[in-house]
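Just below is one structure, and these are the notes that go with it.
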Amino acid sequence: MITEVHLGLDKTMAQNEDDRMIEKWKKRMHVFGERVRIFPSSALETACKVGREDPRRVTHALKVGLSLTLVSLLYLLEPLYDGIGQSAIWAVMTVVVVLEFTAGATLCKGLNRGLGTLLAGALAFFIGYVGKRSGRVFQAVFIGASVFLIGAIATYMRFIPYIKKNYDYGLVIFLLTFNLITVSSYRVESVLKMAHDRIYTIAIGCVICLLMSLLIFPNWSGEDLHNSTVYKLEGLAKSIEACVNEYFYGEIEATGEMKLSEDLIYKGYKTVLDSKSTDEILALHASWEPRHSRYCHRFPCQQYVKVGAVLRQFGYTVVALHGCLRTEIQTPRSVRALFKDPCIRLASEVSKVLIELSNSIKNRRHCSPEILSDHLHEALQDLNTAIKSQPRLFLGPKHKHNKIATALVGQERQGKAPGFSISSVKTDSSALLDWKTKQSKETDRKSLRTQLSKIAITSLEFSEALPFAAFASLLVETVAKLDLVIEEIEELGRLACFNEYKPGDEFVVTCEEPRVDVLQNHLPSHGGD
């Protein structure tokens, strides 16, 4: 009977386990079915969003498709295929690898690829010619030694900073082409024809890429760098104003959860802090671009990098300012209200200066000589006056500490050690103090300093306004950092030959929604072919 009961329980448990597994698989299939059902609409929405963020992406995709179609004609048309043959594949590979989003990136890779292939072909032909004149055995030794020597030298040159920055891709192509042609020349007789065909087809691919990048709806790296600088200034202006407004009007909770991606303040300075690699890449590509502006002025790409570095320093202050909103210790709203107007006015004036700087870069004109207007200095003075009008909020009951310090000094002059105990620390220290009175004056002085430090820590009543003092000091720091930003932007205007500022010029303070990060338009390159 007991055995039958156990068997029944086992069957019931097994049945329950099977039911749970079936229910689990049903849920998985339901979730999978929902994902399959919404996949078409989700994919279409994502594709449309990418195109709306930057319509130039659609244009670039069409340009790549057209370029691949043109080089495919080398295979599809019989006359062209008869003249080039299987080497036409190198033209297709060149278009896939070289054609980039901006003209500067395409020029950088195209010229590197062309120059590397040309030099490698010429050197490989010379080594093959010398080797064939010296016998079969010597040819093998000569080719092996040449491959080792050229490979070692070329690889070592890639570590040189200037070459690594500008010609690294060209050296990779040089190594690849040189080894392919040199090693093949030992077994293949028509090495000269092979090198000629490859150089010829790669040249065709590079020419098509350059024509597409420079003549058909060109995208310039210099313009992207220029516009990203404008958007960074506007983002910092929005962050400062939003930060101050939230501090005085928003609900500040130190423990409140907040997604940084949804924080407008964070979005404003995030682009600035993450811009170092973007600026350097765009500046590098811009240095390869021709002078395409109306006045053919030299593009000061390195000065844009310096402006970006100064803006990042400014951004660190904004980050600290934003951090004051999330600290554990907060100044009460009633105390903050005493300084609301001067702080908001100061933040507004700093924001106006940043917007004026962004407009001057956007319109390619020098900023106003009076960009640091009297309004900014008046706002600083108002904040200073407001803080001085409330000394007790920041200094606390100072007279109590003065009395304690005076008593300590008087006891020291009488040759007595400080004979009091800190009220907040209830310990029996009389024996210790009696022992200290027998020590030398030097020991007494050290003890005095120690006691004064303890008094300062234990008897100091932390002011409620101290958190606000940190916030106000950072806000004033943004004004000090403005001088560095203005200095670099004025130098940028001089190098880029911006138009002179005219007193009659009117500008509208605007703050556009920043575009998508321009670095997202640069697709990653995969291995040398």
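Just so you know, glycine gets a Cβ as well, placed from its N, Cα and C.
Sequence-distant contacts of the transmembrane segment (61-77), counting only residues of its own chain at least 6 positions beyond either end whose CB sits under 8 Å from a CB of the stretch, comprise 84, 88-89, 91-92, 94-96, 99, 201, 204-205, 208-209, 212-213, 216-217. What TrEMBL lists as transmembrane segment is 61-77 (among others).
Residues annotated as transmembrane segment in TrEMBL: 89-108 (among others).
Among the features that TrEMBL reports, transmembrane segment is placed at 115-131 (among others). Sequence-distant contacts of the transmembrane segment (115-131) (same chain, six or more residues past either end, CB-CB distance under 8 Å): 138-139, 142-143, 146, 150, 169-178, 181-182, 185-186, 191-192, 195-196, 198-199, 202.
Tertiary proximity for the transmembrane segment (137-157) is limited to same-chain residues at least six positions away from its ends with a CB under 8 Å from its CB atoms, namely 123, 127-128, 130-131, 163, 171, 174-175, 178-179, 182-183, 185-186. If you look up TrEMBL, you'll see 137-157 (among others) marked as transmembrane segment.
Residues of the same chain lying 6 or more positions beyond the ends of the transmembrane segment (169-187) and with a Cβ under 8 Å from any Cβ of it are 108-109, 111-113, 115-117, 119-121, 123-125, 127-128, 131, 139-140, 143, 146-147, 150-151, 154-155, 157-158, 163, 194-195, 198, 525, 528-529. Look at TrEMBL and you will find 169-187 (among others) tagged as transmembrane segment.
The annotation transmembrane segment is assigned in TrEMBL to 199-217 (among others).
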